[in-house]
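Visitor: To start, I am sharing the structure in question, which I have written as structure tokens.
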């Protein structure tokens, strides 16, 4: 099934000249025919980029009409001039499309510490607006225009029927597993034609991000530009979603966000495995996340999996230093379905067979069981290969 | 100047057969002619090895006589049988040397999840005791017997005159930068002939470890076996050190611990740089350490330095996600003495020249300045090379 924009949205992506490589797109525009309820979640890094500052000021909102996104330059660490440029980008979109300045949001990703080449971006904005379309090509081009070291565009869409209304959710994202020239910036824009209140949009996005974008870890390095935007234009018609209808919508939103989030560690020339770390039996979800994240961030765990090595010792001991109290004599570990460690003791297993299975499957599943409570968490990451390091070390600022 | 054991200590290291490679030593013994005041600091990992459990039970003490150390097997994740074996090792040392069981401490490092080969260790203990000596060779052999993936033995000693007494401090350590088959276990034993109270020994070791062993980061992965022991036998004579004399002793102890700690990230086939991260101008030392550790643990920072890339963006943004509040518009960054980032803005610099300097120097100095207070911290780590990943991925459990 082709990926599809929700009703009332149009998209485009072009090459504007910010990137040196003329075969890659670098400027995207997403536009809604009607004002959108808009929410955002942003990087927690104290060093954040000019477009993040702009979006923070302009969301939440009930009147957003467009998001302009460029790749190749992050407009980060660029001071007051960077703020001026981000505003000018929004202003030019507003002029060209006939919106109010403050109803346009801006996302950027790329090199940091360099001023935005406005002499390329401004004509680019005029041009990209002429390509806006509702077809799949337009959507894919918009997803391509966000890419930096991504090897493929990232799009996820769902159509659901809620109380007789056909509602569509579609998200585009960028972010690659392994190479971090832009500090592995993660950007996503999720659009829907559902009608949602501002408060539900805000809470819904935050909850969905907590179960998806906040559960991936590539380098443990939060970028200056990380942003997730949510736009709902109500074009599907019907009343504002509430109660069960809202819950059904939210479940679908989480699916789309999980799809997009997983695609980030799954992408990247250097990665050989997508690792899913599941943690069960913790006292609280925060504790489960803390353990899952610590295991997922461990370079020793990630290199072992790159080498198809069922090294339970690295996994169990990473859990042990997560800063969460647990009874170590109750811990169990499964790797790709094989029990390797049971109630605090290693279990005899066929290491060669498990290793061969790891090698044959791009997905690696790590399941840690504790005996402290009922809370669970899931975290995604990629393995750590020599190729990853080579690409990162060779990339030059 | 040759490294030298403090008065009243003897050392030995032999090959006992725990390691497969017969050209490498794997069993060491350190013995004091008189009872020692002994203190220890141990891994914070909830999953800790049998010898750590034994040492925790037996320190602090005023009667320790010996430390037996084996490499090749960590006696970790070995359950009750592991506890039995660690105790049996201490008991055999006690029998052979004529000490009380509980006055012998045990350290182990090596593969985890396998029972200790006691049929090799017990005869080994009988043998190593016959080699005890005070010469430099005996000391070096003891340091060699602790090694796993270390490329060289690690010894640091100092002789100081305090209130007319000649006092010696000597430490041996193991731990390598890059390869983590044993989860990069760090072991150290610091011996002195000074006379120190039990309380001063405990506090002094903790403070010294906080400024040294707790300021190195190789993988961010705290091992199941990490231990630092301190033994003071008073053989230098004179009164218990107090006041200024104690302070002078403490300063020397810190020097020895820093020497040993630095030698860990400096060692390793895979590492190409020893990175020193200095942080100044924080509100508290804890905040300064938190920032320094976050920068030192960042794979993006470590790969950039491996590639001789003066990538200030990765460093500044790693500081930004350390979880410490600061005014980002006041941050300055020096790399190997060059100012790259000043008061929140990148500074024009000759990237090729800085890169050439990085390439020519095995030491890389990162200095971050904040404008929040007077506290500082220093952290050591190694860079992240493709060779590191290859070694880690190829190592098989």
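Cβ coordinates come from backbone N, Cα and C, glycine included.
Caution: TrEMBL annotation is automatic and unverified by curators.
Quick caveat, the model's predicted, so the values are computed rather than measured.
Pasting the feature list from TrEMBL:
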- B:185: active site, nucleophile (ACT_SITE)
- B:148, B:174, B:185, B:269, B:392, B:397: substrate binding site (BINDING)
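Give me the structural setting of these features: burial, nearby parts and distances.
Guide: Within its own chain, residue B:185 (active site, nucleophile) has B:74, B:109, B:148, B:174, B:175, B:223, B:224, B:225, B:226 as residues 6 or more apart in sequence whose C-beta sits under 8 angstroms from its own.
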Visitor: Including all protein chains shown, what's the count of other C-beta atoms within 10 A of the C-beta of residue B:148 (substrate binding site)?
Guide: 23
Visitor: For residue B:148 (substrate binding site), what is the secondary structure by DSSP, using just helix, strand and coil?
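Guide: It is coil.
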